[in-house]
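Written out below as structure tokens is the structure these notes cover.
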């Protein structure tokens, strides 16, 4: 019993050398079965015939033995060491089968009898492949997995094939995307270049604008249109209403270069339309004639003006019925008579100095009872 316990202790002490043993020196499956039988027969204690674990046997041996150091024999080490190594390998194979059943992976093991040596090798390769897949999916496709005794896993060839397909697909997709990007850049550069050429051709220079403004002013005056007529005609024809000030500043080259470039084509179209319709009444002539609906300057005859002046001396501010009757008698419009009286009163105010009277006002209004009250002239009523 002491010899068995000492052998067990030596077994636990030499665990590190057993773990790092070379996989190439493993024996066949039949020797593993004999070793397992031998281990079970050696490790069976008086506990209902069940084999105990290594740790439990070591603890039992320590509890039953004395504190003296155990003696070891080279013969016992030679007999037990292969047995323990074979038992550890058998436990590793069973753990691999359990790991395979718990965590299935992409690589499938080879089909066949699992009781032979080939089955053990396929199981080991499956274990290594599953470790590679658990560490990272890229390892499964990037490089083949080598197993015990230098054998290549059957699934590694398929992984290499998938790697090639993936690379070819990526290369094809990358080339296709690169071609699309290059074509898009080429089209963008062509459009940009065409836009630049087009803008360079359409953009006039400062000399062109100056020459066009001078010609436009001469032709406008020759055709008989004012600057206000041109601005109104542009608004009616093209939808852009421009004021007289804008047209004047264009002719004087006082607008910005950008605004001059925008206004030049519109004025050029208006000139072409005006030249083509010169000598015949067209829509431009009608629009220019309408203008801003300014009223004509009324010219009053001398006889009519004298009658209005005599009436103003009598009543500088007539009422609405008096204006209507006077307009009918003189054959004038009511609005013309009203405006004339307004202008005449404003003229009278300008002629009267502040706080004084007009020289000779006594002679003018002396015999008249219709003296304007604002002159302050007192006359006796006859």
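Yeah, the Cβs are placed from backbone N, Cα and C, and that goes for glycine too.
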Which range of 150-206, 207-263 is region 'Disordered', per Swiss-Prot: 150-206
Helix, strand and coil totals (DSSP H, G, I; E, B; other) for the domain 'POU-specific' (201-275): 59 helix, 0 strand, 16 coil
For the DNA-binding region (293-352), residues assigned helix / strand / coil by DSSP: 42 helix, 0 strand, 18 coil
